[in-house]
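> Swiss-Prot lists these features:
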| type | residues | note |
| --- | --- | --- |
| BINDING | Thr245, Ala246, Glu247, Glu299, Thr398 | L-serine binding site |
| BINDING | Arg276, Lys277, Glu278, Val292, Glu363, Leu364, Ala365, Ser366 | ATP binding site |
Amino acid sequence: MSYSVLEALRNNPDHVRKVLAARRLDVSLVDRFIELDGRWRQLKREVDELRRSYNQLSREGARAPPDRRREIVEKARELAARLEKVEKEMEAVEREREELLWSFPNLIHDSVPVCPEGVDSVPVRHWGTIRVVKGAAAPEGVEYVVVEKPPVGHADMAEVVLGMADTLKAGEVAGSRFYYLFDDLVWLDFALAMYALDRLAQQGFRPVVPPYMLKFDVIRRVLDFDTFKDAIYKIEGEDLYLIATAEHGIAAYLHKRELVEEELPLLFVGWSPCFRKEAGAGNRDLKGIFRVHIFHKVEQFVFSLPEDSWKWHEEITKNTESLIRDLGLPYRVVNICAHDLGAPAAKKYDIEAWYPAQGMYRELASCSNVTDWQSYRLGIRVTRKGMRREFVHTLNCTGLATTRTITAILENFQREDGAVEIPKALRPYLEPIRAAPKEYIYPRRRG
């Protein structure tokens, strides 16, 4: 089976038009592709016919008497010249067609919502009781308790109350969206990573630390490079880009690999720093460590048989829900609207934690089924019974992004005296470390 987008363009172009419209993209791309693909097929037939004719003439020339051989050789020369010309035209059309095919986003699952302006997601489920400040509106259908006093925001908790982060000095020496993290928040960062790695490894995911940089020809195959080239960092003078997530390095691990059916699924849990320019963020979340240029993240990644990928999409989403739920953080799962999916994803869930000081849910994790969008570009196939070859499906899902999870803990677990209770699920990962906090993080003594 060939690439699903190519199959749809050839056999059901109206469906692709519908997908592009739902994604708010240019539907005329379909007509341009059909035109190029038709021209390529025509030239391919002509090339095949010319090759057959040339081979036949070559065989005739070998058997022909001397008086006919010169005539056959001349015809063969004419055919060879014609073949070379048509082959060059076919290759040029093929390059243009492939470039256009790469610009198409993934198809979308039937359950992906098509949303009106101003709506980016649809709630699916929620967990936990949220705290809502008196007088503020509560989300519909969510259990909540009213509190009189507004909680302290995560930025002020980290920098002012606890005194364990410094974005002002980091801004002086590195620029905005960088930070210094100190003392118990450092241990909390490591504990969150170990917690997620340990839990997921126990579920059969293989731990991996991927390369932190990838070559251009590789990174352009794992993400929508034209859209995100301004959001990732390039190493000056080198053919290398810093990864924005462990997903990129893990996906590239099987670049140009041929698998057999029995090898799948392959489950990985990666840890890496993530480097992001946050070019489109503007002035959003400038305070604190919620949206920063570098952070640590644990990532689930699955290479799956095509027929199993939707089952795995639900499974890895539930894995992350379990991690967040066991931390005691109220959250909800939302189904991302078609126009906000990003090109690779056929469907995406976001998992959002409740931030009581802000009075809203904010994204902690994202879980996508990319189907064969990445594997087509990376050349990752599986040979099925009967020697049928297919592109594998790839899926990714945040385990925990440590700095964001810290911000959610700071808002949800703060006490009146300024201390922050450490979620019970994290305490076993802090216990062996003598210098680490065990049950509470207390404000740093100053002076």
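Residue positions begin at 1 at the first shown residue.
Each Cβ is built from the backbone N, Cα and C atoms, and glycine gets one as well.
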> Nearest to Glu363 (ATP binding site) in three-dimensional space, by Cα, is which of the binding-site residues Ala246, Glu247, Thr398?
Thr398
> May I ask you to report the DSSP-based helix, strand or coil state of Glu247 (L-serine binding site)?
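The residue in question, Glu247 (L-serine binding site), is helix (DSSP, three-state).
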> What's the longest C-alpha separation between any two of Arg276, Lys277, Glu278, Val292, Glu363, Leu364, Ala365, Ser366, the listed ATP-binding residues, in angstrom?
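Taking every pair among Arg276, Lys277, Glu278, Val292, Glu363, Leu364, Ala365, Ser366, the longest Cα gap is 18 Å.
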> Excluding Thr245, Ala246, Glu247, Glu299, Thr398, please set out which residues of the same chain place their CB within 8 Å of the center of the CB atoms of the L-serine site, keeping sequence order.
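Neighbours found: His248, Ile250, Gly270, Ser272, Cys274, Lys297, Val298, Gln300, Phe301, Asn396, Cys397, Gly399.
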> Which Cβ among the binding-site residues (Arg276, Lys277) has the fewest C-beta neighbours inside 10 Å?
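Candidates: the binding-site residues Arg276, Lys277. Fewest Cβ atoms within 10 Å: Lys277.
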> Could you check which of the binding-site residues (Thr245, Ala246, Glu247, Glu299, Thr398) sits closest to Glu278 (ATP binding site), going Cα to Cα?
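Considering only the listed binding-site residues, the nearest one is Thr245.
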> Sort Arg276 (ATP binding site) into helix, strand or coil using the DSSP assignment.
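Going by the DSSP assignment, Arg276 (ATP binding site) belongs to neither helix nor strand, so it counts as coil.
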> Taking the Cα atoms as reference points, how far is Glu247 (L-serine binding site) from Val292 (ATP binding site) in Å?
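Distance between the two Cα atoms comes out at 18 Å.
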> Quick one: of the binding-site residues Arg276, Lys277, Leu364, Ala365, which has its CA closest to the CA of Thr398 (L-serine binding site)?
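Looking at Cα distances from Thr398 (L-serine binding site), the smallest one goes to Ala365.
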> So if I draw a 10 Å sphere around the Cβ of Ser366 (ATP binding site), how many other Cβ atoms end up inside it?
21
> Given the binding-site residues Thr245, Ala246, Glu299, which lie within 10 A of Arg276 (ATP binding site) by CA-CA distance?
Thr245
> Looking at the binding-site residues Glu247, Glu278, Glu299, which one has the fewest other Cβ atoms within 10 Å of its own Cβ?
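Per-residue Cβ counts within 10 Å for the binding-site residues Glu247, Glu278, Glu299 bottom out at Glu278.
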> Pick the one among the binding-site residues Thr245, Thr398 whose Cβ has the fewest other Cβ atoms within 10 Å in this structure.
Thr245
> Could you say whether, by DSSP, Leu364 (ATP binding site) belongs to a helix, a strand or a coil region?
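Its secondary structure by DSSP: strand.
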> Using Ala365 (ATP binding site) as the reference point, find which of the binding-site residues Thr245, Ala246, Glu299 has the shortest Cα-to-Cα distance to it.
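Given the candidates Thr245, Ala246, Glu299, the nearest one is Glu299.
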